[in-house]
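Visitor: Below you will find the structure I want to go over with you.
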Amino acid sequence: EMKLSAVSKKLWCVHKQLLLLLAPLVFLPLLFTLPEKEGKCLYVILLMATFWCTEALPLAVTAMLPVCLFPTLGILPAKKVCPQYFIETNFLFLSGLIMASSIEEWGLHQRIALKVLSIVGVKPAWLILGMMLTSSFLSMWLSNTATTAMMLPIASAILESLFGDLETLKQKCQSLDDPESALINGTLCAVTEFLKTNETNVHVSSKPLETSRKDDMKVWKGFLICIPYAASIGGTATLTGTAPNLILIGQLKSYFPDCDLINFGSWFAFAFPLMLLFLFLGWLWISFLYGGLNSRLCFKKHDCRAQAEAKAKALIIEDYKKLGPINFAEGAISFFFVLFAVLLFTRDPKFVTGWSVFFKKGYVSDAVTGVIIVSILFFFPSQKPSLRWWFDPQAANTPYVPLLSWKKAQDSVPWNIIMLLGGGFAMAKACEESGLASWIGGHLQPLAEVPPAAAVMLITAFLACFTEFASNTATIIIFLPVIAELAMRVSVNPLYFMIPATVGCSYAFMLPVSTPPNSIAFASGHLMVKDMVKTGFVMNILGILSVSLAMNTWGVAMFNLHSYPEWAHPVNKTAIALVPFSSVSPLNVTF
């Protein structure tokens, strides 16, 4: 047994290297059993999927494999693979990341967070709502990871002022049978003072104190868990909020060049109400589970809790005051941030005429808009310009500082994600040109019997589960081509399957390893895996139901999902012909 244990430990130490050696051998039969080009393409995709899911190689390195494997295996020439790594969609992503780095540079995100928290108040349920609203709003523009990393320290400071030191609180929860120690908790100072003067009542009062401490501990967990969840939900509301949204745009442009239904404005109009709906349902669930909706915590007045809440409110106000009045740089960033969002939203929102009509049709895209705005940040002054400075010989000759330096932007942009996006676009191109997507679609014929509305729920549920164990970007890269082909096979508008799949990839709530925000919250040491599984399981169900509702109501109206679109016909003439329209014609598809 000892020998077996020692061997297993050694195997675990080199499991990534073993995967790198064994995976290519395991998938080798595909090269000989499938049609030549499709088999080679599937071989590379399964190899990359294995490396992405196990992280046997760094994600960005795996994303570069198409550059060496597609040309050498004769799947796609290098001149077609390499341009996929920096297509227009990547420039939109890059402009979003640069805007986010300027917001972080001048602390605007912290000002927004503290302002929202001071407005919602410090009752546990309302404070959880404030945390979730702030986290989701920030993660629409910043990365989910950066949002979580910024919000958790703020939450911890508020929690300590509400409930005292966490370690002390934990110890008190573990020794509930000790009435002496039960009176030490700093947040119950008012009750402690009362007990000191009424010692005969100690045995009567210890029970409420024990209950209160358990409630405090639950609320603490609720605070920590709501932030990464809200960050993941918020990222779905904008195209630049999370990588899978951009993968969808890139693959749509590759598969359906004539499809221009989705851009920053139309996506926001669809996904923002969905985000608000899911956020509200998530808040109700988390507040219910962790005590925030408990009537005693929400409404009834307790002198000791009122003191703690006043202290927490004072802390938020004090932290906000420390930021001082809004300076010129923060005002300028706020202006460009709002301009960035408004111009992207109004370029071509589909439901009204956008400003892009003033330019040559098809020339100005979201990427152009984003790059124009963020380019200004590199020369716009961070100090208020003054004419007096030119004529005052005594004025300090300090160097000119723009709102953002390239060094700061370079340091804060996650270039590995841009490589990952590129790898995904290269993979999609290979699936299309090698005929693999069409070949897989031919084997998905039995799914034509499933009603489209049920298929949406199944697709969302499957990807939400799969992304618990793999990167959401890698997940959507692997499955989106297959889902597009499936939609064409069953004569359903491809967007009806592709949009829920994309959104579902961001709904990873059950495990600490599912997303970086989950990992950051779990690393605080105050959450257990069972807390995340219990909360996340219901969150996943709420997410699936929310997406299905959105797709079958305002999604149908916005993207004309009730009919099979013209833009999907030319790409798949042969595949469409394989499915008898009498059995699954657009007229028979009900939503």
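In case you wondered, yes, glycine gets a Cβ from its N, Cα and C as well.
Curation plays no part in TrEMBL annotations; they are all automatic predictions.
These came from TrEMBL, pasted as-is:
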type	residues	note
TRANSMEM	43-73	transmembrane segment
TRANSMEM	85-103	transmembrane segment
TRANSMEM	123-142	transmembrane segment
TRANSMEM	222-247	transmembrane segment
TRANSMEM	267-291	transmembrane segment
TRANSMEM	323-343	transmembrane segment
TRANSMEM	363-380	transmembrane segment
TRANSMEM	450-483	transmembrane segment
TRANSMEM	495-515	transmembrane segment
TRANSMEM	535-557	transmembrane segment
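Give me the local environment of each listed feature.
Guide: Residues 89-90, 92-93, 95-97, 124, 127-128, 131-141, 143-145, 147-148, 151-152, 155, 158-159, 263-264, 267-268, 271-272, 274-275, 278-279, 282-283, 286-287, 289-292, 366, 370, 417, 420-421, 424-425, 472-473, 475-477, 480, 502-503, 505-509, 515, 517-518, 520-521, 524, 526-527, 531-532, 535-536, 539, 543 of the same chain sit 6 or more residues outside the transmembrane segment (222-247) yet have a Cβ under 8 Å from a Cβ within it.
Sequence-distant neighbours of the transmembrane segment (363-380) (same chain, 6+ residues past either end, Cβ-Cβ under 8 Å): 88-89, 91-92, 94-96, 98-99, 102, 239-240, 263-264, 332-333, 336, 339-340, 343-344, 347, 356, 402-406, 409.
Distant neighbours of the transmembrane segment (495-515): 144, 228-229, 232-233, 235-236, 242, 244-245, 247-248, 251-252, 259, 261-262, 270-271, 274, 452, 455-456, 459-464, 467-469, 472-473, 475-476, 479-480, 483-484, 486-487, 521-523, 527, 529, 532-533, 535-537, 539-540, 543-544, 547-548, 551, 555, 559, 561; these residues of the same chain sit at least 6 beyond its ends, with a Cβ under 8 Å from one of its Cβ atoms.
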Visitor: For the transmembrane segment (535-557) and the transmembrane segment (123-142), decide whether they are in contact, meaning at least 3 CB pairs lie under 8 A, counting pairs 6 or more apart in sequence.
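Guide: Contact between the transmembrane segment (123-142) and the transmembrane segment (535-557): absent, because fewer than 3 Cβ pairs are under 8 Å.
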Visitor: Which sequence-distant residues neighbour the transmembrane segment (43-73)? Criterion: at least 6 residues beyond either end, Cβ under 8 Å.
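Guide: Answer is 16-17, 19-20, 23-24, 27-28, 30-31, 81-82, 84-85, 415-416, 419-420, 422-424, 426-427, 430-431, 436, 469-471, 473-474, 477-478.
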Visitor: Please report, as numbers and ranges, the same-chain residues at least 6 past the borders of the transmembrane segment (85-103) whose CB is under 8 Å from any CB of it.
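Guide: Counting only partners 6 or more residues beyond its ends, the transmembrane segment (85-103) has Cβ contacts under 8 Å with 67, 109, 141-143, 146, 238-241, 243, 246, 249-250, 253, 264, 333, 336-337, 340, 365-367, 370-371, 373-374, 377, 403-404, 408-409, 412-414, 417-419, 421-423, 425-426.
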